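Per TrEMBL, the features are as follows:
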type: ACT_SITE; residues: Asp146; note: active site, charge relay system
type: ACT_SITE; residues: His219; note: active site, charge relay system
type: ACT_SITE; residues: Ser565; note: active site, charge relay system
type: DOMAIN; residues: 27-101; note: domain 'Inhibitor I9'
type: DOMAIN; residues: 137-602; note: domain 'Peptidase S8/S53'
type: DOMAIN; residues: 383-477; note: domain 'PA'
type: DOMAIN; residues: 672-768; note: domain 'Subtilisin-like protease fibronectin type-III'
type: SIGNAL; residues: 1-20; note: signal peptide
Amino acid sequence: MENFYLSIALFFLLPFLVLPFEDKKVHIVLLGDDGINKTSQEIEKYHHSYLLSVKENAEDASSSLLYSYKKINGFAAVLTSPEALKLSEMEDVKSVFRSNVSRYKLHTTRSWGFSGLNEPTGGGSDKGNLWLESNYGSDVVIAVIDTGVWPESQSFNDNGMGPIPKSWKGKCQRGHAFNCSNCNRKIVGARYYLKGFEKEIGRLNTTLNIRSARDTIGHGSHTSSTALGRKVDNVSAPGGFAAGAATGGAPLARLAVYKVVWNIDEDIQGISDADILAAFDDAIADGANVVSISIGFEKATPYDEDVIAIGSLNAAKANVVVSFCAGNSGPEPATVLNVSPWAITVGASTIDRIYSSPVVLANKAIIPGQSVTLLKLKNKLYPLVSADQVSKSGVPKNESGQCGEGSLSPEKTKGKIVFCSGGGQDEEWIKGIRVAIAGGIGAIFGNSKADGDQFINNVYTHVLPATSVSYSSALKIMEYIKSTKNAKAKIVPATTILGAKPAPIVAPFSSSGPSAISPHILKPDIVAPGLNILAAWTEASPPSEYDLPGNNGNLVKYYLNSGTSMSAPHVAGALALLKAVHPTWSSAALRSALMTTAGQRNNEGNPITDYNDSLSTPLRSGSGHFDPTKAADPGLVYDASYKDYLLYLCSTGYTNLTHSFKCPANPPPPNNLNYPSLAVPDLKGTVTVVRTVTNVGGCGAVYFASIQPPPGVDVNISPSVLRFTQVNEKKKFTITVKANDNAEKRKYVFGSYKLSDGKHNVFSPIAVFVA
């Protein structure tokens, strides 16, 4: 997964960071709307006045103020518990909560072509080419809130780019090993945020960090170049894998860097709530059009304590569209994160590129495998054993085959290829180290039964020749090993294969719905490429698996990485293209366009499947796999305003919102939010929701509704025909949902509805839980 070994946390499991108790802690204080239209100095003075009311003197009040947010009316300050309590009791204060450093995790050459974006040919086939129509996203600014950027990467060169847009108000913040010359017409802004982090953790460890927007981790450079990297010819991962021309989705869009992630030690990174909210605040004020953030809480968090939700709501208020990662805790249900309905939540899927490294058994059987290992065995057969055959005595039987820590006997392992069965908590590259330490000359890693038969694993380089195989292939290898006393095999060196089928497949790590916070909103919204994506990397240090004996610790310029962190910037790049084509569209309209035009079929023409060969459901893939080109002409969009989101919050119990907006006594039900999908999480009797669509496809359009109801559920749309006479005309319709006698209770069932005028097919998934 997404650089687990660097522990950038990519939504992989990491132990919680336990911070020492101190009386004074960083808190975030959110206020109403008052003061937002003041100057920066007036806002800071306004926020300072609150601190004066709880601090002993003006000096203490000034020194305690870390951030005075401008577009998000609130501030971050160092407070004692009594001071925080006193502030929370003030009439104008909406929320006071602790800023935390420990709760966050960070969640190419082929992926854009696979997703339908292709280089213009100069002929008639270029009609409708989204790159041409959007001028490659020129003058759209994408803010990336992440680990910073490696500005020298060719993915961020500004050759041939025009002047920086006049609307841009950001800055290039100086820091260690980073100055104004590192910004250009591509990197138009760079900021870094440390105040919250250092108040919680202490002075920055400059041995492990660079105090500037420069990326020392790699994650931010990777996500940025995925979204908007320039086209760079003749790049590849180490070993020549995934060779080709690397490009981001919007190669002429502008990059604004907001660095919020810092190394605490060699294995753990930290991110402060206060710093994240400051980054959102600046991105909005600076004039960003799109925000990409591949960070999330380790578990579902209420909106009023979720700074990503708070920041993105204020972005939506300013008509800035935000792309979230869904999280890497799948495939278990109810693990999806970043579920705010005012942003788009992106799960991970595969592309049609694999790295073939088959196993050849002595009985002539050829077992498909995948790897990007740089090391090779000679072309001959070697002794093959299963890990349980070479385990030390005393290792539990149910663990002996997994190549666990200290489980392998060097006397039994030396000179052999070791088959490691799936299961356990460790990544395959770690198991490979154990085989090498024990004297093994090669390793084969089998999928667990839960992981299934699809090749949807992230690939690694290893410290020894190694490859990974599917579950059914693992059974064949085990059967062969048990059938003979002299098992032998060889591992064929890996090669890059394009056109693999089926694709896309939903990645197993991609987090699943339903949302634990907002079950009335179907999440994730969409899936996009997130497995083995090649993009730019930092040259400050090599990825961990390259910094090991046998891989010589070389620095890399481009790197294969996996996770929903890679998926979110794909959608951010697509949103930038759509924003360039439709500059007046709202953030909700842009999100709607991507969702209703997403694909539900793979490159074999069959419905998209999950990692285990089962059909994917909307709780795994949302509306489907994104298709940027189709999204440019969606026909209809489901629009929503900031007020609509406030009404939604009212309906879900968040009543203390702003001074200027008061919740009605009877707010509309939460699933009445004008969303491009439909979730009914507790169906009892009949549920009726209202939807409004806006015509963006041309005059004189007539749309007919068709329904694929979930099993055991009756769905009706009224009216079933929508007639539009002009562009931007709006039409309302109702959707009525009722369980029938065939309904299976206490489980989710799925269907869809579609509005079609013969040219546009406006698709919406349905998920219903029958109570």
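From the backbone N, Cα and C atoms, a Cβ is placed for every residue, glycine too.
Known features from TrEMBL, placed on the structure.
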residue : record                           : DSSP class
Asp146  : active site, charge relay system : strand
His219  : active site, charge relay system : helix
Ser565  : active site, charge relay system : helix
Integer Cα-Cα distance in angstrom, His219 (active site, charge relay system) to Asp146 (active site, charge relay system): 7
Segment confidence, the domain 'PA' (383-477), expressed as mean pLDDT: 90
Local Cβ density at Ser565 (active site, charge relay system) - other Cβ atoms counted within 10 Å: 36
Integer Å distance between the CA atoms belonging to Asp146 (active site, charge relay system) and Ser565 (active site, charge relay system): 10
Helix, strand and coil residues within the domain 'Inhibitor I9' (27-101) as assigned by DSSP: 28 helix, 22 strand, 25 coil
Counts by DSSP class (helix H/G/I, strand E/B, coil) across the domain 'Subtilisin-like protease fibronectin type-III' (672-768): 1 helix, 59 strand, 37 coil
Helix, strand and coil residues within the domain 'PA' (383-477) as assigned by DSSP: 25 helix, 19 strand, 51 coil
